[in-house]
Amino acid sequence: MQPPQPRPEDYSLKETTPRLGGFMAAGDKRTSTYDLVEQMPYLYVRAVKAKDLHAKDGTGSCDPSVEIKLGNYRCTTRQFEKNTNPEWNQVFAFPKERIQSSYIEITVKDKDDFIGRVIFDLNEVPKRVPPDSPLAPEWYRLEGRKEGRVGELMLAVWMGSQADEAFPEAWHADAASVPSDGLASIRSKVYLTPKLWYLRVNVIEAQDLVPSDKCRYPEVYVKATLGNQSLRTRISASKSVNPMWNEDLMFVAAEPFEEHLILSVEDRIAPNKDEVLGKACIPLQNVDRRPDHRPVHSRWCNLEKHVAGDGERKKKDVKFSSRIHLRISLDGGYHVLDESAHYSSDLRATEKQLWKPSIGVLELGILNAQGLLAMKTKDGHGTTDSYCVAKYGHKWVRTRTIIDSFTPKWNEQYTWDVYDPCTVITVGVFDNCHLQGEKSKGNKDSRIGKVRIRLSTLESGRVYTHSYPLIILLPTGVKKMGEVQLAVRFTCYSLVNMMQLYSQPLLPKMHYVYPLSVTQLDVLRLQATHMVSTKLSRAEPPLRKEVVEYMLDVDSHMWSMRKSKANFFRIMKVLTPLVGTAQWFDKICEWKNPLTTVLIHLLFIILVMFPELILPTVSLYLFLIGVWFYRWRPRQPPHMDTRLSHAETSNPDEFDEEFDTFPTSRAHDVVRMRYDRLRSIAGRVQTVVGDLATQGERLQSLLNWRDPRATAIFVTFCLIAAVVLYVVPFRMVVLIAGLYVLRHPRFRRHGLPSAPLNFFRRLPVKTDSLL
């Protein structure tokens, strides 16, 4: 008996039917703005302050704190020292589905000693639904163990949902095991990325440089530094004390401008020795902002000469100063790319005055996840503390962390303004590895998976509720980490305005009027990604570097055999219809189906006799194809496709190569094997490229008299063709040529190429001149 075969992973997208926008109570017709998530009832307790507290020993001082007990839950506020009128203003949230008691007990303690308590019957707790105003707290008299006044406590207790204003900052009952210094890392937050600019430094010339060696021609270049970015010009061709460059250097700068631009003019004395001839420091606050391609005014900056003395750099008093001529601008007409242009979430220019009005709004409901795998071990068992991050435009959102759950429920909703439908929203799921505060320093949050949704594939106004597979690539292969359930709705304000955008350029005007090179864009994108990750990692709670880089696909430009195969087969799939059309036409010419061939003959004769019908016929044919395929239009948004990515067919060595560091850290024999494999693939590519060059050179050989007999034949043919085409009507020429191509097989030479093809293949090429 054969063992049972393991079930293949299900990487498909599943449509779900969650109960969105649930009611707070039976018969209650009010709904909240959270209509893309399931309502999650919570019991809220706000402990505001206390007054006139009396300690157990009868003294006037105590160290008060509030303890809230609800079934098995027990939580405590912070403790004050020697204070009879403390103010806590802390909120506690308990999920209704986990409440196992009919009352809640709120106790005020002096360290571990009992002062007094207040008990609430949960059936009497009021319900609140936003946009109602917050429930006003009230004073409650504390009941002590003995008769007499022991103090009062200001409280507010109500039943609400995750739409409540107090929800993000509340202490949640499922976070009881998280220490106080780790609580900040589990709360939901909204982040805004810094405003990024392209800084263009046009280095024109320098004057009156003073090199130390007057007996040699100086080899001068300019080095510009902005933070951790450093670029340099080429060595000036005019080797003099007045060098010229007229070269552009591009940087990425982030507001607020905390770093200055440092320019250093240096002289190459020896291969590894440079002399600083002068420096200039330029604050970015003083730099002109350029919204279009019109150049800004140039400026002259004095260079400060530095000499070394007593271990420090000191300024040297001189009678005159060397100068450098610059044109510096903050180019706001560009869009600073911090993610791949293929799935960018924002295409607007940096300068706000160039923005167009929004065309709609995007709403995202992050509902829950199912079947998450254990990401770490805690107390001898696997656990996952998951949270979601969504990125669209300048706005990043982070849900709260659900502690120790493989089926977390977030039910949080967020909105974004949409300025272009041809953009992509990215949602990632991560495991929080920083719950222990300072003890977690150095840990990295683990990736669970991510989802991309292109807005242009969504119908306006429709709510898409699907369960997306969370797929991640590991050195051992592809793995499904679970599923995340999302609800997405794209609402368009004006269909006309959105349709008009499809005729507009994808990027701002400056990208086409004053384009940047591909190499520049790649370098600038890496710098922009570094700036975004640095800024977001300084927030509280931080959105860490590994999270930002995974969301922005920083390593998407690295070599991967899997991606190369995927792109190759994408090209083949695009060319498949053309190959199919050629095969169909070949069958027509071979008269495989005589009836079809006769109909094609009739259609061809009609189009030749009435050429004004060609374009209408083609347009009508395309229209009918589009209408026919409307029946099979996609009903679901696209998702991560493992087959298209060749994630299931790649071998372990290809995955290991994809996850290798740069430069490589693998053993020499492994690197040698991969290099030989790459040489083999490059050899095939080299052959294809050589074949393309061969065909091009044969075309050139028609007229360059490389083969005098072939060129003479072609030139004579062109002369005869010119006479014939002048005498014979063009329609007759096309008709005769078409009928010749569609002639019956008995008039063909079976298996032999045609005479024009034979002539073309005999033309000379330059391969015989290659070494």
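Glycine is no exception: its Cβ is also placed from the backbone N, Cα and C atoms.
Remember, TrEMBL labels are computer predictions, not curated facts.
Database features, via TrEMBL:
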DOMAIN    24-140  domain 'C2'
DOMAIN    178-301  domain 'C2'
DOMAIN    343-468  domain 'C2'
TRANSMEM  597-630  transmembrane segment
TRANSMEM  712-742  transmembrane segment
Secondary structure content of the domain 'C2' (178-301), with strand meaning DSSP E or B: 10 helix, 64 strand, 50 coil
Segment-level pLDDT (mean, integer) for the domain 'C2' (24-140): 81
Contact set, same chain, for the transmembrane segment (597-630): CB under 8 Å, 6 or more residues outside the stretch: 588-589, 591, 731, 734-735, 738-739, 742
Chain residues outside the transmembrane segment (712-742) and at least six past its termini with a C-beta under 8 angstroms from it: 588-589, 597, 600-601, 604-605, 608-609, 611, 702-703, 759
Secondary structure content, the domain 'C2' (343-468) (per DSSP, counts of residues): 11 helix, 63 strand, 52 coil
